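Asker: Mind having a look at this structure? Questions to follow.
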Amino acid sequence: MTEWLNSIMTHSSELALAILFIIVLAESIALLGLLIPGTVLMFSMGALVGNGQIEFWAACAIGFIAALLGDGLSYALGRRYRRQLQRAQILRPHQRLLLQARLVLRQHGPLGIFAGRFLGPTRPVLPLVAGMLSMPSRRFWPACTLASLLWTPCFLMPGILAGAAIGLASHGVFSFPILLLLGAISLALIGWLGTQAIRHGLQQRGLAAMPAHLSWGSGVSMLACGVVTWQIAIHPLAPTYGSRIWQVLT
């Protein structure tokens, strides 16, 4: 499916932005987001941004509007139909996920809304559950707005970094793409470990009892990322790559 979308999106930036809107909106709507391979599709979109086929700020604006609209719709549905949803057949297979979302929101309130957009499995149901729990609008909307504003550039960035590297290997220095790949793996590992640490902190109300593998794993990953970053910074192709990234972001 992603190959088909890529072939379509490369022909028109307007069409690509429309598809981005649909992807983010669908991924943000309760339960529907569980069926959408959002991370893969956002990476593809980011690659188009990094390759100069989509404007960065336009993509961020479209993504922000779609994310806010999807979360707002889910929240409104939860508030309006909370009694019917509690008995709905469609929600029965997802009771464990809904229970996790309720636990996060009852313990952390708006912070759970903000962090939940970045932490994976509960993301598509948190706004719905917030509505079902009758979370006040004055608590829901600020957290939802800030999370939606930051989510799109964060999830586009891996694809942007990959897209900006297209063609650099043809300059005759083949180690640079490998360094970028190693850097991406290190960052992804740091992100995953950080996500696990935050999730653990939300569940345990603190990071004091963080498992040992998260502590040493984070340290090793940050050290590896630092070494790779230094190697990238001193590489002959670094100025060219940096210039491409700057052009994309400005």
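Cβ coordinates come from backbone N, Cα and C, glycine included.
TrEMBL lists these features:
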DOMAIN    36-159  domain 'VTT'
TRANSMEM  15-36  transmembrane segment
TRANSMEM  56-77  transmembrane segment
TRANSMEM  140-168  transmembrane segment
TRANSMEM  174-193  transmembrane segment
TRANSMEM  214-234  transmembrane segment
Asker: Reported in the order helix, strand, coil, what are the DSSP residue counts of the domain 'VTT' (36-159)?
Answerer: 100 helix, 0 strand, 24 coil
Asker: Within the same chain, where does the transmembrane segment (56-77) have neighbours whose Cβ lies under 8 angstroms from its own Cβ atoms, ignoring anything closer than 6 residues to its ends? I mean 6 or more beyond.
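Answerer: Residues 13, 17, 20-30, 33, 45, 49, 85, 117, 124-125, 127-128, 130-131, 135, 140-141, 144-145, 147-149, 151-153, 156, 160, 248-249.
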Asker: Restricting to the same chain and to residues at least six past its boundaries, which positions have a Cβ under 8 Å from a Cβ of the transmembrane segment (15-36)?
Answerer: 5, 8-9, 42, 45, 48, 53-54, 58-59, 62-63, 65-67, 69-71, 73-74, 77-78, 90-91, 94, 123-125, 127-128, 152
